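Asks: Here Swiss-Prot flags 100, 109, 133 as Cu cation binding site, drawing on sequence analysis. The feature domain 'COMM' is assigned by Swiss-Prot to 117-185, with sequence analysis given as support. Look at Swiss-Prot and you will find 1-122 tagged as region 'Sufficient for interaction with SLC12A2', backed by similarity to another entry. What Swiss-Prot records for 124-188 is region 'Required for binding to PtdIns(4,5)P2'.
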């Protein structure tokens, strides 16, 4: 059985299938498909634990966004661990990660973002031309236009108008946010 799971091409294919399912959202890559295409001679009761082990290793490597030194240390530890992986499997995993790291990282970054993202921001300062109160006409106002959207979809726009008091309030809040971020960065 162990020899059946040693094949580099099959393991590389398995890792690709796991990555497609876990990180790229291809739900058609199922356990049954991987088993029948890559390891048809291995009984399901032996394939499932092997699949779970490889899935766990791949998720650990990806979630830690391991660089190549960390990867080598991690895989070396896995080869020495009871019930771990063989050095041949470690070599295949290392080769796979080196060629797929960037795509997996980008996919994880996309998945971690909110649905809509800020695509653009533009602003200008104008003089107010209409108001309920004549004293406010010609007073300066900041006009901010925000562009929101998902990749591959049409944008939505939000236009905001602020008088001098509101601009000062926003700047104060942004300063508080900056101070909070700086405190957190210094603590880390």
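Each residue, glycine too, has its Cβ placed from N, Cα and C.
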Asks: I'd like the Cβ neighbour count for residue 109 (Cu cation binding site), meaning other Cβ atoms within 10 Å of its Cβ, all protein chains included.
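Replies: Excluding its own Cβ, the number within 10 Å is 10.
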Asks: On the DSSP side of things, how many residues of the region 'Sufficient for interaction with SLC12A2' (1-122) fall into helix, strand and coil, could you say?
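Replies: Across the region 'Sufficient for interaction with SLC12A2' (1-122), the residues distribute as 87 helix, 6 strand, 29 coil.
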Asks: Under DSSP, the region 'Required for binding to PtdIns(4,5)P2' (124-188) has how many residues in helix, strand and coil?
Replies: 27 helix, 21 strand, 17 coil
Asks: Enumerate same-chain residues with a sequence separation of six or more from residue 100 (Cu cation binding site) and a Cβ-Cβ distance below 8 A; give 'none' if the list is empty.
Replies: 15, 16, 19
